[in-house]
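The annotation domain 'Sugar phosphate transporter' is assigned in TrEMBL to 8-150. The feature transmembrane segment is assigned by TrEMBL to 37-60, 72-94, 106-127, 134-151, 163-185, 246-264, 292-313, 325-348, 354-373.
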Amino acid sequence: MNRSLFLAFLFGWYFCSIALSVYNRWMFDPKDGLGIGYPVLVTTFHQGTLWLLSGLYIKLRHKPVFRKEKAFNWGFFFKFLLPTAVASAGDIGFSNVSFKYVPLTIYTIIKSSSIAFVLLFGCIFKLEKFHWKLALLVIIMFGGVALMVLKPSDPNSTENDRALVIFGSFLVLASSCLSGLRWVYTQLVLTNNPIHTKDVVAVAESEDTFFTENEDNIDDEPVVKLANSKMLKKCRESKPHPIHTIYQLAPIMGATLLLTSLLVEKPFPGIFNSSLFRLNIEQGSDGTHPTILSIIKGLFLLILPGFAVFLMTICEFSILEQTPVLTVSIAGIVKEVLTVIFGMIILSERLSGFYNWVGMLIIMADVCYYNYFRYKQDLLQRYQSVSTQDRSNEAKGFQDFEQLVSKKSAPYSIIVDSTNQEYELDIIAQNASRSSQQV
């Protein structure tokens with residue numbers, strides 16, 4: 001990826017992500033925003049828009065990865081798609097509900113603590129080897145969160161306002177918990193469902209590559225020889241894509257959110273009397289009854305975030321494909337800082353309390369050290385892997401080919417978890433599809 005294209009995707013990622021955060025806070029803020037009291041229902045519209053855009057993208061692209069499966073795999077649906085979609089719906093739902101109670105600045109910093117839940121659940125499910133540094137990271141992270149909540153950002157707030165901020169902070173923590181649990185579950189699925197050699201060979205055979213089996217090899221491992229650069233290009237095009245998984249997850253997430261909204265929020269017919277469907281959002285203004293123009297305005301505001309999420313996913317995945325994960329993690333940290341800054345500029349939010357500033361600095365420093373720690377671990381593992389392997393050039397060629405087809409790189413930071421998880425879940429879907437067809 002050339003520099004200009006990288007900067008374009010980076011700008012698109014930053015713009016969509018920051019604009020989406022500011023937009024959601026403005027929509028649900030009861031004091032300085034629209035004050036929409038049905039955040040779960042609004043999020044349902046986001047998922048519906050995302051599903052329609054994903055379907056349109058798949059139809060127009062005609063990429064091999066977007067192929068139609070011969071039969072619906074119910075086992076994959078209940079084991080992988082349903083738990084992931086429900087956890088994702090809870091993550092997004094809690095996040096948007098929390099905007100009714102906490103400023104964007106506090107939300108952004110607390111949301112960054114998701115890595116603490118990743119480490120916690122990783123140790124519980126034995127995906128992560130316990131290390132005293134990781135335990136210290138988790139403790140310090142939660143200490144920073146406590147400082148963010150201990151004193152409100154507004155010194156003139158009442159006791160009731162403080163109670164609402166604390167409640168909203170717990171909602172953000174619940175969202176972070178589900179985000180971390182979703183991440184660990186994805187890794188568990190990938191650990192138990194690796195990309196097998198036979199899957200890679202199947203792709204190779206379909207593109208007129210050839211392979212030979214060494215009869216003297218005990219493992220009977222095939223050696224794949226790449227025919228030409230055309231095969232490399234074809235493999236890159238056939239890699240999994242997060243849009244495919246979004247297309248599968250969005251309907252389940254939307255249904256989960258809609259059911260929750262109907263049971264908890266009871267939005268109808270109250271939402272039609274909200275400021276969302278009024279041309280003048282000032283309280284007590286005329287025109288409280290919806291008109292055609294106000295309905296169009298309301299629908300536009302409901303579907304706009306879906307476009308932002310879709311474009312953000314495209315930009316983020318394009319960056320993840322061509323850029324080292326550490327670079328993306330650093331860019332993600334910068335994005336969080338910019339989100340806080342724009343929250344202060346656009347929404348006039350302030351971190352006026354000393355405890356708030358200390359908590360923010362602790363959490364951001366903790367996230368930075370976590371990324372550094374992961375980077376050093378990754379370098380050590382690569383060094384050990386290279387020093388212990390003794391492969392022939394042909395075997396090495398096969399390894400490169402397999403990595404090309406089944407590239408998976410878990411980000412150091414949870415900041416970029418969603419797109420990468422959707423990418424990985426599509427790998428799982430392809431494996432499940434192949435397994436069911438073989439049976």
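Heads up, the Cβ atoms here are built off N, Cα and C, so glycines get one too.
In this chain, the transmembrane segment (106-127) lies apart from the transmembrane segment (292-313): fewer than three C-beta pairs between them fall below 8 angstroms, excluding pairs fewer than 6 positions apart.
Within its own chain, the transmembrane segment (246-264) is flanked in space by residues 38, 40-41, 43-44, 47-48, 50-51, 54-55, 58, 81-82, 84-86, 88-90, 92-93, 313, 422, 425, 429, which lie at least six positions past its ends and keep a Cβ under 8 Å from the stretch. For the domain 'Sugar phosphate transporter' (8-150), residue counts in helix, strand and coil come to 110 helix, 0 strand, 33 coil, using DSSP. Across all of the domain 'Sugar phosphate transporter' (8-150), the predicted model scores a mean pLDDT of 86. Within the same chain, the transmembrane segment (292-313) stays apart from the transmembrane segment (354-373): fewer than three Cβ pairs sit under 8 Å, each pair at least 6 residues apart. Contact check: the transmembrane segment (72-94) against the transmembrane segment (134-151) gives fewer than three Cβ pairs closer than 8 Å, residues 6 or more apart, which falls short of the contact criterion. Counting same-chain residues at least six beyond the ends of the transmembrane segment (163-185), those with a Cβ under 8 angstroms from any Cβ of the stretch are 83-84, 87-88, 90-95, 97-102, 106-107, 110-111, 113-118, 120-122, 125, 127, 145, 148-149, 152-153, 157, 414, 417, 421.
By the Cβ criterion (under 8 Å, sequence separation of 6 or more), the transmembrane segment (354-373) is not in contact with the transmembrane segment (37-60), since fewer than 3 such pairs are found.
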